[in-house]
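The structure is given below, and queries will be raised subsequently.
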There are 2 protein chains.
Amino acid sequence: MSLQHPPLHTVHVPLGERAYDIVIAPDAIDSAGEHLAEMFPGARFGIVTDENVAAAQLPRLLRSLDAKGLMHTEIVVPAGEASKSWDRLHTVAEAVLAARLERNDLLIALGGGVIGDLAGFAAAIARRGMDFVQVPTSLLAQVDSSVGGKTGINSPHGKNLLGAFHQPRLVLADLSALETLSPRHFAAGYAEVVKYGLIDDEDFFFWLEANFNEIAHGGPARAEAIARACAAKARVVTADERETGDRALLNLGHTFGHALEKVTGYSDRLLHGEGVAIGMALAHRFSARLGLAPSQDTGRIEAHLKNAGLPTTLADIPGDLAPTETLMDAIAQDKKVSRGKLTFILTRGIGKAFIERNVDPAAVSAFLEDMR
Amino acid sequence: MSLQHPPLHTVHVPLGERAYDIVIAPDAIDSAGEHLAEMFPGARFGIVTDENVAAAQLPRLLRSLDAKGLMHTEIVVPAGEASKSWDRLHTVAEAVLAARLERNDLLIALGGGVIGDLAGFAAAIARRGMDFVQVPTSLLAQVDSSVGGKTGINSPHGKNLLGAFHQPRLVLADLSALETLSPRHFAAGYAEVVKYGLIDDEDFFFWLEANFNEIAHGGPARAEAIARACAAKARVVTADERETGDRALLNLGHTFGHALEKVTGYSDRLLHGEGVAIGMALAHRFSARLGLAPSQDTGRIEAHLKNAGLPTTLADIPGDLAPTETLMDAIAQDKKVSRGKLTFILTRGIGKAFIERNVDPAAVSAFLEDMR
């Protein structure tokens with residue numbers, strides 16, 4: 001493939017016939033037309049995006065597709081987590097059919113995690129499965145949700161409870177799009193970067209501590225951090241595509257995090273990455289309390305998350321928090337539950353996370369009560 | 001596996017890690033508990049069925065599960081094609097979540113093709129994919145829709161345009177359930193049996209002609225016809241699970257058939273199998289007109305379908321038929337379309353069907369106009 005601007009980083013996700021590349025470059029959106037024309041000759045493209053991203057990034061993408069003469073149609077939804085809904089999924093799926101996009105055509109998810117999850121799920125079910133391309137424009141989407149094929153929407157019963165495993169054919173992570181992120185949204189995405197260090201790569205966590213300033217301000221370390229995070233996720237996903245085993249490690253911080261998101265109404269009160277940051281701190285603190293992990297690791301993690309502008313405790317959540325029993329109910333309804341026992345990602349320290357499938361709900365409840 | 005009543009026929013569908021068995025027996029529902037307890041220890045079961053089948057067959061299934069102490073919950077929807085809707089899918093999926101069925105639990109689709117398609121799709125998306133078991137109670141479902149993993153619902157844009165490929169873990173085809181089918185619904189299912197002969201097995205078609213009386217009245221030939229139809233479908237599906245190639249042969253008669261179903265409102269005016277019967281007759285007649293197939297084959301096929309109580313011409317559809325251009329629009333919106341050219345399953349005679357991806361819409365339109 002000859003490109004005018006060689007990408008800074010390419011991460012390959014070796015999933016056999018579902019293998020794909022993650023291209024990380026400052027101008028990934030501008031070179032989208034070149035990539036797509038070469039990979040999908042003759043295809044038409046349905047671009048799913050939200051109102052905010054449409055204003056900021058859609059013109060770049062359209063210029064790139066038009067320059068290669070690629071046919072496209074746009075499906076624009078409201079911005080925000082509320083678009084991960086049954087009704088919105090219906091709107092997008094029917095719009096795909098109304099545009100007469102066919103099984104050889106593709107959807108393009110241009111936006112953050114919400115758009116990737118929504119468009120990916122629509123691609124999974126329209127005509128029993130169409131190919132799609134992720135063009136993540138938020139840090140969270142670039143390092144997490146656009147890689148690995150998890151798509152879905154929220155249910156009144158919990159987050160992401162309806163969805164599909166549907167791998168993208170290509171991920172184009174555009175670094176310049178990150179310039180438009182607010183510091184708060186950048187930090188929320190960064191929580192997922194930290195997570196990869198905490199799971200199984202102590203060196204990466206130390207590297208993040210040492211290089212955070214450059215990562216926050218957009219130097220070469222930012223691209224490297226994103227590429228290393230994508231590579232870490234690709235390793236886990238490749239070993240366990242459908243989360244029957246170790247892929248659950250990626251849920252470090254997420255069981256607590258999802259419950260907190262649920263009781264705060266999936267709102268701006270607590271962004272997903274903020275919930276994960278608190279969840280990771282709690283998972284480490286809970287592990288330390290169980291005597292599994294050294295408590296100085298918890299302190300070090302909390303310090304780095306705080307330094308990155310992230311919350312780490314229940315008290316950091318603005319407003320009144322729901323009672324512990326409401327939190328426990330949200331935890332029990334999360335899909336990481338099996339036969340009534342709670343499954344948590346616990347840890348023996350930084351870089352030493354493990355899956356524990358027999359966590360006693362009473363111990364979690366007592367812990368949360370003490371953390372208030 | 002030791003069963004009290006050995007099945008009459010078992011057809012294996014060798015799809016690697018998604019392989020499964022189709023058990024065809026007079027008492028398959030009564031032995032469901034034994035099969036499920038052995039295959040899925042500790043699992044709970046969400047039974048999706050419709051009001052009619054609930055009255056006729058659910059008590060048998062519940063007795064069988066209760067005898068093995070299996071936990072279950074029931075989700076009952078209205079009978080009829082209208083249940084293959086976005087709203088009904090939502091109801092079923094949310095009911096699965098409300099019942100706190102987990103990823104190790106299973107759905108059971110107890111009913112005809114509508115229930116299999118709906119429950120299978122709900123299983124595909126609930127918690128990003130749960131296992132499910134097909135217990136088809138109509139002939140159509142036993143020989144066609146319960147085998148092969150196609151699930152889905154209808155859209156205003158056409159039939160089955162939203163769905164997923166999701167293979168069942170087991171199919172239990174209960175022959176005694178067929179005793180409650182009306183002759184009209186039996187005939188509609190039989191159209192799909194005939195299809196397998198027409199696609200690539202002239203001998204099977206001749207055998208069906210010779211044995212139709214016993215098939216219609218429930219002798220051993222009926223079980224054999226069902227087993228041979230399932231084996232034929234399993235062969236095609238195994239070679240091309242996601243319909244990128246020869247699986248499209250199973251659509252013989254379906255492009256015309258789906259269009260006719262659409263313009264008659266997916267109603268009792270024309271059952272799916274009746275649409276397929278007319279569609280197969282039209283596909284043969286169109287092929288003969290193009291000089292591809294001997295016209296005496298068309299006559300022989302129409303005679304056998306008529307003998308089975310099936311319609312074979314547009315004039316056989318009660319009421320006023322929509323104009324040809326409306327039919328053509330429905331054909332163009334069917335998902336078996338690629339780059340504006342129509343894909344049809346055409347034939348060189350009985351047992352000699354093939355995929356033709358370059359059919360001229362004008363030729364189809366002129367043909368349909370002449371057939372009115």
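Backbone N, Cα and C atoms are what each Cβ position is placed from, and that goes for glycine too.
According to TrEMBL, the record shows the following:
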- B:75-187: domain '3-dehydroquinate synthase N-terminal' (DOMAIN)
- B:G113, B:V114, B:I115, B:G116, B:D117, B:T137, B:S138, B:K150, B:K159: NAD(+) binding site (BINDING)
- B:189-337: domain '3-dehydroquinate synthase C-terminal' (DOMAIN)
- B:E192, B:H254, B:H272: Zn(2+) binding site (BINDING)
Going by Cα-Cα distance, which of the binding-site residues (B:E192, B:H254, B:H272) sits nearest to B:D117 (NAD(+) binding site)?
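It is B:H272, whose Cα lies nearest.
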Spatially, and counting Cα to Cα, which of the binding-site residues is closest to B:I115 (NAD(+) binding site)? Options: B:E192, B:H254, B:H272.
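For B:I115 (NAD(+) binding site), the spatially nearest of the binding-site residues is B:H272.
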When you rank B:G113, B:S138, B:K159 by Cα distance to B:H254 (Zn(2+) binding site), which of the binding-site residues ends up on top as the closest?
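Closest recorded candidate to B:H254 (Zn(2+) binding site) by Cα: B:K159.
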Write out how many residues of the domain '3-dehydroquinate synthase N-terminal' (B:75-187) are helix, how many strand and how many coil, based on DSSP.
47 helix, 35 strand, 31 coil
Roughly how many Å separate the Cα of B:E192 (Zn(2+) binding site) from that of B:S138 (NAD(+) binding site), to the nearest whole number?
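For B:E192 (Zn(2+) binding site) versus B:S138 (NAD(+) binding site), the Cα atoms are 12 Å apart.
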Whose Cβ lies within 8 Å of the mean position of the Cβ atoms of B:E192, B:H254, B:H272, the Zn(2+) site, other than those residues?
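In sequence order, the nearby non-listed residues are B:L140, B:D144, B:A191, B:K195, B:G253, B:G257, B:G273, B:G275, B:V276, B:G279.
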Compile a sequence-ordered list of residues in the same chain as B:S138 (NAD(+) binding site), six or more apart from it, whose Cβ lies below 8 A from its Cβ; state 'none' when nothing qualifies.
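The list for B:S138 (NAD(+) binding site) reads B:G111, B:G112, B:G113, B:A177, B:L178, B:L181, B:H185, B:G189, given in order along the sequence.
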In the domain '3-dehydroquinate synthase C-terminal' (B:189-337), how many residues does DSSP call helix, how many strand, and how many coil?
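Secondary-structure composition of the domain '3-dehydroquinate synthase C-terminal' (B:189-337): 108 helix, 1 strand, 40 coil.
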In Å, how large is the greatest distance between any two Cα atoms among B:G113, B:V114, B:I115, B:G116, B:D117, B:T137, B:S138, B:K150, B:K159, the listed binders of NAD(+)?
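Per the listed residues, the maximum Cα distance equals 22 Å.
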Quick one: Cα separation, B:H272 (Zn(2+) binding site) versus B:K159 (NAD(+) binding site), in Å?
11
Take every residue in the domain '3-dehydroquinate synthase C-terminal' (B:189-337), average their pLDDT values, and give the whole-number result.
94
